[in-house]
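Presented below is the structure to which this report refers.
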Amino acid sequence: MRLVKPKKALGQHFLKDLQIAQRIADTLDTFKSLPVLEIGPGMGVLTQFLLEAGHDLTVVELDMESVDYLNQNFPDLKGRIIAEDFLKLDLSKLFPGQFCVIGNYPYNISSQIFFKVLDYKDQIPCCSGMLQKEVAERLAAGPGSKTYGILSVLLQAWYDVEYLFTVSEKVFDPPPKVKSAVLKMTRNDRKELGCDEKLFKTVVKTSFNQRRKTLRNSMKPLLGKDCPDYALPIFDKRPEQLSMEQFVELTLISQKHLEKQAGDVL
């Protein structure tokens, strides 16, 4: 059986440990009624456990060598291998209803994968898998943590994020230079934020662009130098001190100011 050569340009680190693959597959045990999309299956170490568990599985794999391997070794995947870039897929065309996402995510695009999951949050009730330990810690971090950032806030607005366990670099081929971790995100019951969602994203991103400064300084690119709301106590804080609810409050303050500013121009 010819094995696939890992490609550095694609961020490929193939998982070798079957026990860990089984534990990752088990994170979707409560979602067996929904279709599953696996990102970056490589040589199918995780794939085999998802199929054994009876999941309605589709995989997306950019590496044609891996696609050939999967076609040869996983007959159950016939017609279910998408040889494309996950980041460019229109997922709503693939899945008209809800579906779950799982994978041993390519390390070079893991953050981009989660931003895309957010775009389909109403269709994706659960997303789990393996990524760099540092990124997993950042996604699961709470207010007050040095690792709390843009993705932490945006994901936790819509998902309960669980850091499940750490994985040694020794269980991969080739071994990455960093440790990995398994993360699980389960959609919370929030239907809306209570503010404009697009502006919420802009506010979060703007505030963290200068994370060491107080919001009074970091929000100037959006609100200008002389916003009268800077007198409010919330602007004394740094972005990592704010909860998701406080970011909603900050968004409402920003929206009011920007609408007034637009009205003054007219």
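Each residue, glycine too, has its Cβ placed from N, Cα and C.
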Swiss-Prot S-adenosyl-L-methionine site partner of HIS13, LEU15, GLY40, GLU61, ASP85, selected from ASN73, ASN104, ASN108: ASN104
DSSP-derived class (H/G/I helix, E/B strand, else coil) of ASN104 (S-adenosyl-L-methionine binding site): strand
Residues HIS13, LEU15, GLY40, GLU61, ASP85, ASN104 [recorded S-adenosyl-L-methionine binders]: greatest CA to CA distance in Å: 20
